[in-house]
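A.B. asks: So that we are looking at the same thing, I have put the structure below in structure tokens.
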2 protein chains.
Amino acid sequence: MSTEDTTDAEARERLIDLAAEFYDQFAAGEIPRMELPTRTKSNIEYDPEKKVWVYGDRKSTRTANSVSGARKLLKASYTIDFLANQLDEDRSSTLRELYYLSESWNNEEAQFNSQDESNNLVEDLEIVTGATREDFHMRPEESGAKVMGPLLIREQTQRGDRDIHCQKDVGQGGYQIPNDTDTIEFLDNDAEFVMCVETGGMRDRLVENGFDDEYDCLVVHLGGQPARATRRLTKRLHDELDLPVVVFCDGDPWSYRIYGSVAYGSIKSAHLSEYLATPEAEYVGIRPQDIVDYDLPTDPLSDSDVNALESELDDPRFQTEFWEEQIELQLDIGKKAEQQALASRGLDFVTDTYLPERLDEMGVL
Amino acid sequence: MSTEDTTDAEARERLIDLAAEFYDQFAAGEIPRMELPTRTKSNIEYDPEKKVWVYGDRKSTRTANSVSGARKLLKASYTIDFLANQLDEDRSSTLRELYYLSESWNNEEAQFNSQDESNNLVEDLEIVTGATREDFHMRPEESGAKVMGPLLIREQTQRGDRDIHCQKDVGQGGYQIPNDTDTIEFLDNDAEFVMCVETGGMRDRLVENGFDDEYDCLVVHLGGQPARATRRLTKRLHDELDLPVVVFCDGDPWSYRIYGSVAYGSIKSAHLSEYLATPEAEYVGIRPQDIVDYDLPTDPLSDSDVNALESELDDPRFQTEFWEEQIELQLDIGKKAEQQALASRGLDFVTDTYLPERLDEMGVL
């Protein structure tokens, strides 16, 4: 799927084409249907050419041969109508607004019963049309995080273009990533690499210590599980500016998943891996090995931590020498540590010692 | 407590004075102690002069007459030493870093056992010294939210001053509020009022619909329970620019608490009410009355919603005609609604109809 250059008109056309297909199926006396890849862990596979994980060959079919199946296609038709109008008028809306908006539809059967239902339908439409939610002008609830570093961008806003340097034209808080990062053009940069940082506390530490300035690093704050906008921007920084990307998280299984969502994409949105994932992104830490090497303050692994680690060992995306070694070490020591635990060595340890050592080992510096 | 003009040197001096008090108590053969107001709902009272809720007269004493009490004062002394050095060096750190840093202290008894412990101690030090966490250069984990509207600010960053217009110099995401908003100077503005908005989805709707521009409104995104930085900035916009402040949230008891934290301050930080609270802030909605008037899509109240509403009826800060009427109505109808439920009337209903009507009723427009 190549979505980068999908225009509003194209996205609209693909949606209308899908509705037209239902129409043609009806007209030909067939039961209308929509075919989708099965979206489970067992149906994702590595695409060596695109270097990302994508859905495999297993398919599920939504068909109108039952009342509930027919209702699904009815909801799809109403949603297509709404999205086509939205694109026509150059408006946008959130997933939550779509859910509530359905209450105003004249056919009660077409209204959504829960937001999960409308969210899933929008994902289905992404897969079938090969466009993205952003192409439909659907915004997420929460926007992307923020960037600090030697990068000059031009953002095309509703109110005109804005040229913003992500160090010189922003406050201590940095540049706020908008919902749709494809409105951003990279004008100029002096960056050597991109570092995605999980927590706000560590992001602020790096900025306070001037790490972005000293190492010409673009510090991208993930803010926990990163929004699509943040992942998309990271991928574009890598692809378009040819910058190495590293990910700096807490040392626990949930944080490895955050790394995974940057590097591999998620199972739920494997249809967007090529658009959102940066497979070349490398994991800086906190590694279980760091817990041992630097004798970091730790918490014991909980049962759910252990389960999550075991499920990662089982996940094809984590079946590399690095991850198997680190996860087995972590199960062995039974401990986890946060990024900010590095403060037990002093506030400058992370920028004076830890990161330079790790980045040198990894060949980034 | 007047903290606005506390300089680094003053904050440092007050901390050292406290340590000196322990010393003098020792020297005089007394058991060292620290006296604090009791921080519970039953010990807050309305200060009609300052127009905020503050702690009452009930006191608790931390005293070294037990091992655990002595340990508390030891930890306080080590923390004072750390903070005094931090201020000397013009550095800052997060609450979490303080917790981890304590592992590097040479006396194991002084190290914190949990972050709650170090957080509480910092609050104690705020109360006793009459300074704020920000005066000690302690940063929160997460920074403030973002602002969009006709306001020109100057932010004094570590890297020099930045002049930023919160419409013309920012992207669609707006101006990112820094951790310490006392670094911000208001240079110029065309604003008529401030509207604090709970959810990102609604904030984006207002910006997309150009509400800030049409009504000369400063849209402040709260992002759920607002960070101190966001509350402090809101208060300064009210006090220094003489702007009315309104709060726009979901229609449920948790959102009324968000309003409460903007308007009244929180029980845990009643010592900071004068610094953080904007008692003149008014509640726009969603009101239970709106659920009825506009026939909004709702969810039923859960047991914990009902408990929270009842506890609000019991809270002196909510004992006004407006809140008693609205909360009783809500218990009566047994329903709650989100801000974005207004989308059931169309995407422009909120900016074309709902807000203009409500703001007119309230005398803001």
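Any Cβ shown, glycine's included, is placed from N, Cα and C.
What you are looking at is a predicted structure, and each value in this text was computed from that prediction instead of being measured.
The domain 'Spo11/DNA topoisomerase VI subunit A N-terminal' annotation in TrEMBL covers A:71-137. What TrEMBL records for A:Tyr100 is active site, O-(5'-phospho-DNA)-tyrosine intermediate. According to TrEMBL, the feature domain 'Type II DNA topoisomerase VI subunit A all-beta' maps to A:141-190. Residues or ranges marked as domain 'Topoisomerase 6 subunit A/Spo11 TOPRIM' by TrEMBL: A:193-359. Feature annotation from TrEMBL assigns Mg(2+) binding site to A:Glu198, A:Asp250.
Any idea what these are sitting next to in the structure?
C.D. replies: In the domain 'Spo11/DNA topoisomerase VI subunit A N-terminal' (A:71-137), helix, strand and coil residues by DSSP number 46 helix, 2 strand, 19 coil.
The Cβ neighbour count for A:Tyr100 (active site, O-(5'-phospho-DNA)-tyrosine intermediate), using a 10 Å radius over every protein chain in view, is 26.
Mapped onto DSSP helix, strand and coil, the domain 'Type II DNA topoisomerase VI subunit A all-beta' (A:141-190) counts 3 helix, 24 strand, 23 coil.
According to its DSSP assignment, A:Glu198 (Mg(2+) binding site) is coil. Remark: A:Glu198 (Mg(2+) binding site) has A:Leu222, A:Gly223, A:Gly224, A:Val247, A:Phe248, A:Cys249, A:Asp250, A:Ser255, A:Ile258, A:Gln339 as non-local neighbours, by Cβ distance under 8 Å and separation of at least 6 in sequence.
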A.B. asks: Just to be sure I understand the packing, how many Cβ atoms besides its own are within 10 Å of the Cβ of A:Asp250 (Mg(2+) binding site)?
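C.D. replies: Its Cβ has 20 other Cβ atoms within 10 Å.
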A.B. asks: Could you check the recorded positions A:Tyr100, A:Glu198, A:Asp250 and tell me which sit with their Cβ under 8 Å of a chain B Cβ?
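C.D. replies: From A:Tyr100, A:Glu198, A:Asp250, flagged as close to B: A:Tyr100.
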